[in-house]
Amino acid sequence: MINIPNSIRPFIRSANRTPCYLRSISSSSSSSFATPAEEHAGKQPSSAVPVKEFSIYRWNPDEPSKKPTLQTYSIDLKKCGPMVLDALIKIKNELDPTLTFRRSCREGICGSCAMNIDGVNTLACLKRINKETSAPVKIYPLPHMYIIKDLVPDMTHFYKQYKSIEPFLKNDNPPAQGEFLQSPEDRKKLDGMYECILCACCSTSCPSYWWNQDEYLGPAVLMQAYRWMADSRDSYGEDRKEKLQNTLSLYRCHTIFNCTKTCPKGLNPAKAISHIKREMASA
């Protein structure tokens, strides 16, 4: 779990590059084929909370003089889907159409709904609502990002960094006929990297990225850099390493491992970064 210290939590930057400080602020199922044990397991505990509060970060760029606040909404969980994104959609559709957030696939594939939920960077579509506690769900945008509105971070700089590593196959000697061939063993080397959906949960959980994101590429981009270095079809591995040979782009990683703990896809950016360091040290 990524706990954001009180001294850091209020410091979420707005899209105009000015720091913004937070003010204190039913589905039915058939049981005809179920065993008694299965039926008992499927019953909701009596302690389950039927109504849940969601405290959500709000900031409107059209009202620049108004400080960001936490706004609380109450949701009947019996009339809401199981995920935090379901609650956000319900709030927007039924309670407050001004609430702004990104979402698309609802299946953990696009990365659009990345946000900080109860102190952890994750995807709202994959985060289940905790029904066993009456504590409100606290939802913030990804930390230390410029905010466009409410839960929508400005991803411009993140994508610019991603573009800088040239995330595509580079080879000056294409095959005379057909496609590039790759052995199963070489293909397996890409597992755990190509699945990255660029949600930025890992990068925005990294203290080194918080303080050096103008120069340090961050876990997500560095893992993607290694994805292309490790690809047997790419012939620009040395060139890619050379571009990282400076004091900031790569070496600001201090192996804190927040990136690995928070990745909603279960990937290991820290491992990829360590591979880059090892290869560059042995070159």
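Cβ coordinates are placed from backbone N, Cα and C, and glycine is handled just like the others.
Listed in Swiss-Prot:
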type	residues	note
BINDING	C105, C110, C113, C125	[2Fe-2S] cluster binding site
BINDING	C196, C199, C202, C263	[4Fe-4S] cluster binding site
BINDING	C206, C253, C259	[3Fe-4S] cluster binding site
BINDING	W211	ubiquinone binding site
DOMAIN	66-145	domain '2Fe-2S ferredoxin-type'
DOMAIN	186-216	domain '4Fe-4S ferredoxin-type'
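The separation of C199 ([4Fe-4S] cluster binding site) from C110 ([2Fe-2S] cluster binding site), Cα to Cα, is 8 Å. Sequence-distant contacts of the domain '4Fe-4S ferredoxin-type' (186-216), counting only residues of its own chain at least 6 positions beyond either end whose CB sits under 8 Å from a CB of the stretch, comprise 2, 8, 108-112, 114, 121-123, 142-145, 153, 155, 157-159, 162, 223-224, 226-227, 230-232, 248-249, 252-254, 256, 258-265, 267-269, 271-272. Residues within less than 8 Å, Cβ to Cβ, of C202 ([4Fe-4S] cluster binding site) and separated from it by at least 6 positions along the same chain comprise N121, G218, P219, A220, M223, N258, C259, T260, T262, C263, L267, P269. Note: the CA-CA distance between C125 ([2Fe-2S] cluster binding site) and C199 ([4Fe-4S] cluster binding site) rounds to 12 Å.
For C253 ([3Fe-4S] cluster binding site) paired with C199 ([4Fe-4S] cluster binding site), the C-alpha to C-alpha distance reads 19 Å. The domain '4Fe-4S ferredoxin-type' (186-216): residue composition by secondary structure is 12 helix, 0 strand, 19 coil, according to DSSP. Rounded to the nearest whole angstrom, the C-alpha distance between C199 ([4Fe-4S] cluster binding site) and C206 ([3Fe-4S] cluster binding site) is 14. Between the binding-site residues C105, C125, C196, C253, C125 has the most other Cβ atoms inside 10 Å of its own Cβ, all protein chains included. A gap of 19 Å separates the Cα atoms of C113 ([2Fe-2S] cluster binding site) and C206 ([3Fe-4S] cluster binding site). Within 10 Å of its Cβ, the residue among the binding-site residues C113, C259 with the fewest other Cβ atoms is C113. A distance of 17 Å separates the Cα atom of C206 ([3Fe-4S] cluster binding site) from that of C196 ([4Fe-4S] cluster binding site).
Of the chain residues outside the [3Fe-4S] cluster site list C206, C253, C259, C202, S203, S205, S208, Y209, G218, P219, L222, H254, I256, F257, N258, P269, A270, I273 have their Cβ within 8 Å of the site's Cβ mean position. Listed in chain order, the residues near the [4Fe-4S] cluster site other than C196, C199, C202, C263 are G111, I197, L198, A200, C201, S203, P219, A220, M223, C259, T262, P264, K265, L267, P269, each with its Cβ within 8 Å of the site Cβ centroid.
Annotation for the binding-site residues C110, C199: lowest Cβ count within 10 Å of the residue's own Cβ, C110.
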